[in-house]
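Have a look at the structure below, then the notes.
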Amino acid sequence: MKKILFMDTTLRDGEQSPGVNLNEQEKLQIARQLERLGIHVMEAGFAAASEGDFQSVKRIANTIQNATVMSLARAKESDIRRAYEAVKGAVSPRLHVFLATSDIHMKYKLCMSKEDVLDSIYRSVTLGKSLFPTVQFSAEDATRTARDFLAEAVEVAIRAGANVINIPDTVGYTNPEEYYSLFKYLQESVPSYEKAIFSCHCHDDLGMAVANSLAAVEGGALQVEGTINGIGERAGNAALEEVAVALHIRKDFYKAEPSMTLKEIKATSTLVSRLTGMVVPKNKAIVGANAFAHESGIHQDGVLKEVTTYEIIEPALVGESQNLFVLGKHSGRHAFTEKMKELGYEFTNDERDAVFEAFKKLADRKKEITEEDLRALMLGEAAFAAQQYNITQLQVHFVSNSTQCATVVLKDEEGNVFEDAATGSGSIEAIYNAIQRILGLECELADYRIQSITQGQDALAHVHVELKEGAHQVSGFGVAQDVLEASARAYVHAAGKLKSFIQLVK
């Protein structure tokens with residue numbers, strides 16, 4: 001039975017989702033979780049895009065030990081050399097070079113002839129191979145490329161040294177039958193086919209990204225590309241968790257097994273959702289809140305008698321636990337540390353002390369702590385530690401005529417303290433007005449969302465905000481048991497990002 005490898009592009013293609021703006025620390029958190037998920041290759045970013053992207057890719061490359069780290073690059077020498085500088089420190093570095101091959105792209109975007117495109121492919125892959133042990137070539141807009149020219153371009157790339165050939169459905173145009181036949185055509189028409197691994201990369205514009213990816217596996221693809229939760233620009237990418245579980249459940253049909261640690265799927269999905277602010281729909285396959293819920297009386301009766309009557313996936317398979325209580329206020333440092341190790345978190349002594357202190361404060365107010373609480377706590381403390389500004393004091397009181405007044409005290413990374421007060425028609429507006437006055441911003445609140453981490457009146461709150469000033473839009477989140485504190489943390493998180501970004505572009 002063939003093993004299917006997964007290339008995750010959440011940190012590159014996924015971050016192109018409107019409103020998603022991850023900082024370096026957040027990208028590293030996702031990369032570490034992708035490593036725990038057993039992802040074979042992670043596309044850490046586009047190193048040549050900006051200095052920020054370069055530094056993020058480099059840090060991930062120098063951190064990840066058990067996965068290949070890859071950077072995207074155009075078929076340009078400067079991009080390829082920049083990618084090399086970013087990932088050369090990785091245990092397993094890879095270059096991902098791409099060039100469009102469809103008539104519409106060659107004519108209107110590239111302004112290149114077919115001969116020019118073939119020459120550029122050969123030169124860029126040859127250069128890449130002189131620097132990297134593994135080179136992946138993508139024929140952008142492959143599904144709208146003339147098949148004979150696509151086969152010619154692929155052959156040139158393999159002869160130049162490409163180890164992996166990606167056949168992307170860049171605009172989500174194809175369907176399963178066409179995509180399957182395209183892979184079969186290349187298998188028959190590319191003389192050097194056996195010298196490379198073929199990969200699929202599907203977008204969801206017509207809602208067929210997962211189905212097309214599975215069709216590609218049937219057609220011979222050994223690598224599937226996509227993102228966690230299917231995030232990405234426009235309608236998104238193929239959701240890797242859906243492809244992986246489909247292959248596992250229907251291995252009798254696909255004769256393939258996913259190379260992924262399936263029990264880490266739920267934790268990975270939750271982390272990506274909270275850091276990006278992109279809510280997972282309740283009815284989403286595999287990771288949605290209703291994925292294992294049964295409302296119909298007939299269905300409930302059947303499941304109670306025999307679970308397989310209506311449930312083809314065991315919740316535990318993807319790490320969907322019953323959220324059992326795991327720790328309490330009497331739990332010590334050793335028990336806490338061991339539980340966090342079990343969940344995949346490793347700390348320095350300073351980090352452990354800070355997170356344990358936050359845990360004890362939560363345990364004093366919350367009767368029982370669940371795994372979801374611990375993950376949220378870790379997420380919130382990591383974001384809090386990486387912020388440019390932190391909240392040291394927050395006070396809200398009623399003034400008159402439904403007006404609230406908020407006093408906020410912030411401390412920056414150098415230890416400088418800033419204090420201001422403001423009013424608003426509600427507590428949250430007053431808090432946000434005070435923070436704006438301190439940071440000197442004139443931004444607009446583009447989005448505000450709140451969700452409960454777990455059930456119960458003492459549950460942790462997770463608040464997501466999006467701020468917009470001119471053409472700049474960023475997101476931030478905050479986690480706390482108190483809604484106002486979580487809201488303030490989220491605003492400071494986003495506002496710090498916005499202030500830094502505005503200063504950078506100036």
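Placement of Cβ uses the backbone N, Cα and C atoms for every residue, glycine included.
What you see is a predicted model, and the numbers here were worked out from it, not measured in a lab.
Together with His201, His203, Asn237, Swiss-Prot lists one candidate of Asp8, Asp13, Asp447 for binding Mn(2+), that being Asp13. Around His203 (Mn(2+) binding site), the C-beta neighbours below 8 angstroms that are at least 6 residues distant in the chain are Pro168, Asp169, Thr170, Val171, Gly172, Ala209, Gly232, Arg234, Ala235, Gly236, Asn237, Ala238. In sequence order, Thr9, Pro168, Thr170, Cys202, Asp204, Ala209, Glu225, Gly226, Thr227, Gly232, Gly236, Ala238 are the same-chain residues whose CB sits within 8 A of the CB centroid of Asp13, His201, His203, Asn237, the residues recorded for Mn(2+) being left out.
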